């Protein structure tokens with residue numbers, strides 16, 4: 001039986017695949033995913049930034065839209081108020097203010113116009129007319145003694161003024177009716193037609209147009225309206241007001257100085273009365289009409305030049321007060337103020353000679369007015385002087401209430417401001433004191449010790465004086481050497497007086513309170529700087545030499561000023577402030593402890609000598625050996641140079657060159673100088689004395705010392 005063929009060997013199983021390629025693929029996938037994740041995060045951040053920017057733009061747009069809505073509402077209200085008014089093109093003389101008519105309760109004139117306390121002005125006007133008619137019927141010769149009325153600005157009128165008013169009113173009504181009926185009026189131009197229409201429209205608002213002056217008179221308030229400047233004029237005080245639409249009140253704008261014309265008899269009385277008032281403690285809080293502050297006059301947008309006494313002295317004698325309030329305008333007006341005749345600045349050529357003759361014949365002269373018939377008529381001096389005094393006192397009180405004084409601030413001492421600088425503070429608006437540049441302070445003091453908004457000065461109408469309020473400053477405020485408050489706390493109002501010195505930081509300010517434009521030598525910049533220059537001249541140019549203690553004192557003072565300048569007066573000097581910081585690491589100290597340092601600065605080699613050989617570590621010897629030199633050979637290329645060292649030669653002290661033979665240091669014995677000899681002798685004497693006194697100390701004190709030897 002044949003043997004079976006051997007079976008082929010079974011194939012071996014394939015070896016398992018190595019995990020390395022799979023791991024590499026996984027790593028690549030992970031890296032790819034990480035890159036994608038980073039890119040996604042970057043995109044998300046960009047989208048978030050874009051979203052924030054869009055939201056910010058949306059908020060800004062919403063705020064702008066809200067502001068526009070409020071503006072549209074305000075404009076719609078204004079349009080609603082003036083939709084019934086017609087504003088045709090007209091001449092400048094008849095332009096009116098496009099505002100709704102104000103009620104009597106809306107007028108405001110220094111707290112004198114109230115809805116409940118004051119009656120209607122038309123009723124007062126009628127009462128004044130009846131009083132004037134009765135007074136003229138009882139005593140026609142004493143017409144000059146009739147008072148102008150309790151209400152200033154509305155004069156008593158007579159028949160002439162009524163006839164003129166009726167004529168003007170009838171003309172305006174006829175012109176309006178003619179315009180309504182036909183296209184044009186015969187014998188009248190287009191300007192006259194427009195003027196008549198404007199007068200008819202204005203008459204409905206309570207204003208009456210005055211053709212001679214081009215102004216409008218309001219019977220309810222007694223004010224004249226200037227359409228060019230949109231101002232209201234009070235003829236009794238010479239004050240101009242503007243109408244505040246938001247509050248519905250008259251606000252002060254400017255004032256015309258009414259220059260009084262007084263007789264020789266009234267001037268001494270007024271001077272005596274002013275002297276008495278100066279002695280009173282509250283006099284400096286009042287302001288006369290002539291004591292206007294120059295700064296207050298600069299605020300006025302419309303300036304009026306007062307007529308001089310020389311220019312109008314002749315006109316005052318000719319003009320008398322007419323009863324028509326329409327022809328007595330604020331620019332050409334003669335009214336009774338404090339019993340004196342006062343004429344406002346204006347154009348004297350506008351009134352005709354015929355009107356002047358009518359005024360002379362049918363009107364009464366003002367009280368205290370200088371007329372041609374004054375020399376012929378005698379007046380009751382006692383009654384007239386009494387009336388004048390009472391009226392002047394009342395007007396003085398009005399002026400005190402209307403015109404508070406101003407403050408002139410002078411820089412007395414300051415490291416940053418020029419000494420003698422002047423700052424003026426008025427009662428119109430509060431004044432601020434601080435360091436910040438962008439806050440537009442009245443008195444800016446660029447010091448470190450001064451806060452950004454340090455203090456505020458304003459006029460308190462209740463106290464009738466200026467007050468200082470510290471706004472919680474860092475270092476506080478000092479007035480006359482006393483600190484009015486603790487730092488960082490807002491203080492109560494501090495009443496300022498004339499001559500107070502206020503210290504803010506290192507700056508000292510002097511406050512001078514004067515009525516009107518009055519000044520003193522202490523608040524005039526020229527006077528102050530002149531005194532400072534004189535003080536500098538008196539100082540010696542070259543001072544005496546300072547001692548060491550005085551120099552140290554000056555150094556300490558200068559150091560203290562530097563600390564105050566940079567705000568370091570409350571901090572102590574620290575020598576090693578950086579080393580005391582816990583975050584500081586002294587790496588140099590650790591390196592010195594661990595590694596150490598070689599003292600290369602300390603020389604440890606022995607000095608050179610001609611008797612000892614140079615060591616192998618000598619750098620000069622090493623250089624010679626590198627160049628081929630060997631021990632025992634001479635210098636040079638062939639070794640034929642010198643072999644012995646250079647000997648040290650000495651010469652005599654203080655001897656010139658070539659005076660003696662140089663000798664070697666080995667052959668010369670150093671001669672001791674005189675001082676060394678003296679020291680040696682002193683040592684010998686000391687040694688002898690010490691050896692002689694030493695046995696004496698050892699012997700007892702009771703036994704006397706005896707020379708000689710004892711047996």
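Cβ atoms here come from the backbone N, Cα and C positions, even for glycine.
The compositional bias 'Pro residues' annotation in Swiss-Prot covers 1-19.
As annotated by Swiss-Prot, N-acetylalanine applies to 2.
Marked as phosphoserine by Swiss-Prot on the basis of similarity to another entry: 7 (among others).
According to Swiss-Prot, the phosphoserine annotation covers 12 (among others).
According to Swiss-Prot, the feature coiled coil maps to 19-85, an assignment based on sequence analysis.
Residues or ranges marked as compositional bias 'Polar residues' in Swiss-Prot: 167-176.
What Swiss-Prot lists as compositional bias 'Basic and acidic residues' is 287-297 (among others).
The phosphoserine annotation in Swiss-Prot covers 344 (among others).
As annotated by Swiss-Prot, compositional bias 'Acidic residues' applies to 361-370.
Summarising the annotation, Swiss-Prot assigns compositional bias 'Basic and acidic residues' to 374-391 (among others).
The domain 'FHA' annotation in Swiss-Prot covers 431-484. Averaged across the domain 'FHA' (431-484), pLDDT for the predicted model comes to 86.
Swiss-Prot lists 579-606 (among others) with the feature compositional bias 'Basic and acidic residues'.
The compositional bias 'Basic and acidic residues' feature in Swiss-Prot is assigned to 613-623 (among others). Residue counts for the compositional bias 'Basic and acidic residues' (613-623) by DSSP state, with H, G and I taken as helix and E and B as strand, are 5 helix, 0 strand, 6 coil.
The domain 'G-patch' annotation in Swiss-Prot covers 616-662.
Residues or ranges marked as N6-acetyllysine by Swiss-Prot on the basis of similarity to another entry: 661.
Positions annotated as compositional bias 'Basic and acidic residues' by Swiss-Prot: 690-699 (among others).
Taking Cβ pairs closer than 8 Å, the compositional bias 'Basic and acidic residues' (613-623) reaches no residue in its own chain that is 6 or more past its ends.
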